[in-house]
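Peer 1: Pasting a structure below so you can have a look.
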Amino acid sequence: YILKTVILGQMLSLFICGTAVTSQYLAEQYQVNTPMFQSFINYSLLLLVYTTMLAFRTDSDSLWQILKQRWWKYIILVLADVEANYMVVKAYQYTTLTSVQLLDCFGIPVLMALSWFVLRARYRLIHFLAVAVCLLGVGTMVGADILAGRQDSEGSDVVIGDVLVLLGASLYAISNVSEEYIVKNLSRVEFLGMVGLFGTVISGLQLAIVEHREIMRIQWNWKIALLFTAFALCLFGLYSFMPVVIKVTSATSVNLGILTADLYSLIFGLFLFCYKFSGLYILSFIIIMVGFIMYCSTPTETAEPTALPQPSSTGLDNAALKLDENDSETPAVTVQFSSGEAVVVST
């Protein structure tokens with residue numbers, strides 16, 4: 001089980017690595033910064049695949065029935081998901097990579113707190129120790145970045161960038177807890193179909209407001225189109241595959257596993273962006289994986305729902321007492337035989 005969980009988590013990390021590398025290549029080589037447009041493409045693919053699957057259902061899980069019962073809940077969920085993606089990507093324009101890597105981990109304790117109250121997850125001491133070990137690995141990775149010289153430039157407004165990362169990490173936690181609840185109690189197709197439907201609408205409106213000028217300035221060629229396609233496929237694969245992993249494990253476990261995504265991005269950056277290598281990267285990867293295995297080695301528990309209090313009505317209590325009294329009495333049975341064949345029994 002632990003080996004399966006580790007492999008699934010690293011597959012998600014590779015999908016995230018693909019989105020990070022293609023986005024950075026678009027920004028550095030072609031000066032294209034369109035995070036909302038890239039998210040819009042992903043939501044459109046989800047709409048095309050999973051919302052269409054819901055539209056062909058005719059039972060109680062059909063698209064119309066889901067919209068009638070839970071449409072406003074999915075609007076809140078998708079709004080959190082869309083804005084989380086936008087805020088974290090936007091934060092890179094204001095603050096440093098170090099701040100983003102460190103503050104993005106704020107989502108893990110928020111996720112654990114939400115899982116405690118919403119999903120009734122109960123953690124043991126080893127789970128808290130495992131999270132601490134993973135965060136230590138992230139700190140080691142940040143130190144390796146500094147030694148490798150990846151933190152030469154400061155952002156234009158560090159405070160704004162840090163606030164955006166904290167808000168984005170919190171919204172990611174809300175989205176992931178909601179995703180875990182839906183895929184374990186409803187269905188994966190319903191979650192992805194609703195995310196595709198409302199995500200396309202919300203991201204499309206925000207795209208028209210904040211990024212229409214950036215899109216108009218893009219000098220399109222086959223390389224840029226290929227990078228956009230690669231990004232969309234990686235993000236679509238991440239969204240499609242993450243519910244499967246969350247159903248097998250948990251949202252917290254998934255978020256710990258994908259902490260290694262930056263290390264995979266570094267490997268590609270050694271060849272594409274001439275990054276310098278440091279032995280601390282290997283050490284940070286080992287520390288994160290040790291913490292991840294520690295977390296997965298002991299399953300979390302689920303608290304039982306509290307029992308409803310018994311009614312305290314005096315009338316009901318008196319009626320119950322009378323029933324008990326009647327039940328305690330031994331009934332007298334009389335059997336009468338008439339002259340005919342009928343037998344009359346009375347109590």
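Glycine too: its Cβ is placed from the backbone N, Cα and C atoms.
Because TrEMBL annotations are produced automatically, they should be read as predictions rather than curated entries.
Because the structure is a prediction, the values reported are computed rather than measured.
So TrEMBL lists the following for this protein:
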- 6-27: transmembrane segment (TRANSMEM)
- 39-56: transmembrane segment (TRANSMEM)
- 101-119: transmembrane segment (TRANSMEM)
- 125-147: transmembrane segment (TRANSMEM)
- 159-177: transmembrane segment (TRANSMEM)
- 189-210: transmembrane segment (TRANSMEM)
- 222-242: transmembrane segment (TRANSMEM)
- 254-273: transmembrane segment (TRANSMEM)
- 280-295: transmembrane segment (TRANSMEM)
Peer 1: Do at least three CB pairs under 8 A connect the transmembrane segment (125-147) and the transmembrane segment (6-27), leaving out pairs fewer than 6 apart in sequence?
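Peer 2: Counting Cβ pairs under 8 Å (6 or more apart in sequence), the transmembrane segment (6-27) does not reach the transmembrane segment (125-147), since there are fewer than 3.
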Peer 1: Grab the same-chain neighbours of the transmembrane segment (125-147) for me: Cβ-Cβ under 8 Å, and only residues 6 or more beyond its ends, written as numbers and ranges.
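Peer 2: 97-98, 101-102, 105, 108-109, 112, 256, 259, 262-263, 278-281, 283-292, 294-295, 297-298, 300.
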Peer 1: For the transmembrane segment (280-295), give me same-chain residues lying six or more residues beyond its boundaries with a C-beta closer than 8 angstroms to one of its C-beta atoms, as numbers and ranges.
Peer 2: 2, 6, 9, 126-127, 129-138, 140-141, 143-144, 147, 252-253, 256-257, 259-260, 263, 266
Peer 1: Counting only residues 6 or more past its boundaries, what in the same chain has a CB within less than 8 Å of a CB in the transmembrane segment (101-119)?
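Peer 2: Sequence-remote neighbours of the transmembrane segment (101-119) are 88, 131, 134-135, 138-139, 141-142, 145, 162, 165-166, 168-170, 172-174, 176-177, 180-181, 250-252, 255-256, 259, 262, 302.
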Peer 1: Should anything in the same chain at least six residues away from the transmembrane segment (189-210) have a Cβ under 8 Å from its Cβ atoms, list it; otherwise answer none.
Peer 2: 36-37, 39-40, 42-51, 53-54, 61, 63, 66, 70, 74-75, 77-79, 81-82, 86, 179, 182-183, 239-240, 243
Peer 1: Checking distant contacts: for the transmembrane segment (39-56), what same-chain residues at least six beyond its ends satisfy Cβ-Cβ under 8 A?
Peer 2: 62-63, 66, 82, 85-86, 189-190, 192-197, 199-200, 203-204, 207, 228, 231-232, 235-236, 239-240
